[in-house]
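Novice: Take a look at what Swiss-Prot says about it:
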- 23-129: region 'Disordered' (REGION)
- 58-72: compositional bias 'Polar residues' (COMPBIAS)
- 99-110: compositional bias 'Polar residues' (COMPBIAS)
- 170-372: domain 'Helicase ATP-binding' (DOMAIN)
- Ala183, Glu184, Thr185, Gly186, Ser187, Gly188, Lys189, Thr190: ATP binding site (BINDING)
- 396-609: domain 'Helicase C-terminal' (DOMAIN)
- 453-490: region 'Disordered' (REGION)
- 456-470: compositional bias 'Acidic residues' (COMPBIAS)
- 692-760: region 'Disordered' (REGION)
- 731-740: compositional bias 'Polar residues' (COMPBIAS)
Amino acid sequence: MADDGLLLNFSIGDTNIIKPETKLKGGTWRDRLSAKKIAQHRTKNPRKPGEERPSSGKGPQNPNRIQVSSSRPSKRQKTDADGDNEKSRHDNKQHPRQFVSSLFSKNPTPRNAEEEPEQEPVEDAKPTNAPLIDGLDTFTNLGLSPSLAAHLLTKLELKAPTGIQKASMSQLLKEDSDAFIQAETGSGKTLAYLLPLVQRIMTVSNPKNMSTNSKGEPIVHRDSGLFAIVLAPTRELCKQISVVLESLLRCAHWIVAGTVIGGEKKKSEKARLRKGLNILVATPGRLADHLENTQALDVSNVRWLVLDEGDRLMELGFEKELQGIIQKLDARQRPSRIPGIPTKRTTILCSATLKMNVQKLGEISLKDAVHIKADPADEDGETKRKDDDGFRVPAQLKQSYAIVAAKLRLVTLTAYLKRTFMRKGSVMKAIVFVSCADSVDFHFEVFSRRKQYRDESEDEDEEKEDDDEDNSKTKSEASPHGTIAPAVAFSNPSNPVKLHKLHGSLPQHVRTATLNAFSREREPSVLVCTDVASRGLDLPNVDLVIEYDPAFSADDHTHRIGRTARLGRDGRALIFLMPGCEENYVEILKQGYRDGGKALTRTTAEDILKRGFGGNITSETKNWEEKATDWQMDLERWAVDNPQYLEMARRAYQSHIRAYATHIASERSMFNIKELHLGHLAKSFALRDRPSKINVPGLRPGDKEAKKDYKAERNTVGKKRKAGGRDDDFQPSNDATSAAQKMRAKLKEHMAGASEFNLA
């Protein structure tokens, strides 16, 4: 047959049209079925060349083969040592589980709308704690001796008494009955009980009153006995009372005063007691110890007992000590051989509020007490009732609150301090209150060690010698105890600011030196501290108080802002609140004002950041956001690159959260820890880790050394006792530990108090 020239073209794929079917043999029927399904699946979804082979957990497996997870590639991509992949693996290994969030994104908005300001001009309020202007109310007219009144005028520059001083002197100089002094903070309450006390003792020892010996000398001297005891809750307050008392006694040099407080050497205190004292200022724990163990302390002539800050004495758990002190004073009291000394003891209780614990303390110590208040005739019944239950703020104090998201807390505080100290002479001194000691240490390092990090990061290899010189200069300017340093974060060349820190975990001599340095400082300065500096301390020239962390109770808030606007001077206070349930705390703030809180103003984080980082230029709307973000990112890099500061930030973060949960029961709904965004809060401590991965085991860095020192001292005392020596220096328990134990016991009784973070 001839060829007809017909060509047939068939297009076939790469795979065979007919694939021979493999027949599986061996094994169980389940294994054969699984293998058959896998083969059918591969036939339907053929694998392209160069594609990774999918792994399956089914089918027969070779027991000698190591199984690899399906997420891991079959072969790693080979790159250079300096490639991107190698660098990313190194970064992930060095800093795992870090997330850099934006500073201005996903921040909660305030729940309460901003109130419109009133159109009527607000007149400046008259100071409520200022000295009286009336010329008739002088110290001489109230019963003080001319010598003491002249000393107040010439040496202390006090021309007229305050309202509470007038009321207390009118009562305590004439009668010997017990008294309860209630006055707002900053009204001169210390002099209200010290002036009558000193005047009564001076009257007894005055030569004109025939209280002299054959040589015409006063019969009252340091060996005459102890006449008065003043108890205060904290060591700092005892130191301040002692300083005021010493200044008063310069006009009566024959009257000797002294102090016994925790943290000092008992041997030196016993030596002072043996020499003789007429007025003693003490803390309850140390006085109870001396009454029990020191025979040189003779209290048979004590005729005046003052309990200053009575509410704080009860909150710290000193109820048992106070009961023991009062019982020992009653049991050891004897008739005095000195003419003019009262026959019975007068007890004076001082407190800013009349709470239940103060009433309980009054039942223990007072008998038929007289209630002393400033200007009771100028107040109606409703105002009196409100003052008894709540707290009062000085009328001249300008207070404001800022609604700041958790992310923006630290950068907003920095912006506010930048704006405050932008011009020289605007603000002299400021106090920043935080909740715990770890937070004090962290913020002190943030505000004072920034320059050191910048110098080291920029010129680490080229200018090491210059960096060492700068660091040595910085260290030379700082204090030897590490509590004073230049505030580089918010200082400027025209207005340098010094930074101080203070908390209860510092040794006593360091706390005293830091307080004295801050009080005597003539340059602009800032004190970052806990509530240890909130009670009774009269720090001069404090123009601004910032509550970075809200107080644990409304009473503590009153004492915090009471560090400014004292004795009629002007002052400002700012409290940071987060959006949400904390906004309800504004109603608590308004209760402290006589006008219902009309003078209370509101601001936002955006306004503070614009003024602090953006200046007064309105055209650059985004410049302040970029500057704030750069400052925050630089701070986070500083924390990541320095393990010491990173650990400090983590400790501060955890301690802050624990302290946040210790608000009193009546205010706990406003500070609900369940509504706290832990991730956003971590950013305010320069942390990039997830909250669940922030773990800092162990004690604070200083606690371990303190425990070692205490154990070594205890072992030394034990060896002395075995050898038959005296144990005058033996201290049964550490003051800080015992105070914390007493406070925890008190919390278990009431279940509505602040924890040890109030002490820190």
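Any Cβ shown, glycine's included, is placed from N, Cα and C.
Have a look at these and tell me how they're positioned relative to everything else.
Specialist: Residue environment of Thr190 (ATP binding site) contains 21 other Cβ atoms, counted within 10 Å of its Cβ in all protein chains.
Along the domain 'Helicase C-terminal' (396-609), the predicted structure has mean pLDDT 84.
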Novice: Per 10 Å Cβ neighbour count, which of the binding-site residues Gly186, Gly188 ranks highest?
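Specialist: The residue with the most neighbouring Cβ atoms within 10 Å is Gly186.
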Novice: Is it possible to list how many residues within the compositional bias 'Polar residues' (99-110) are helical, extended or coil according to DSSP?
Specialist: 0 helix, 0 strand, 12 coil
Novice: If you count Cβ atoms within 10 Å of the Cβ of Lys189 (ATP binding site), leaving out that atom itself, what do you get?
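Specialist: 25, counting other Cβ atoms within 10 Å of Lys189 (ATP binding site).
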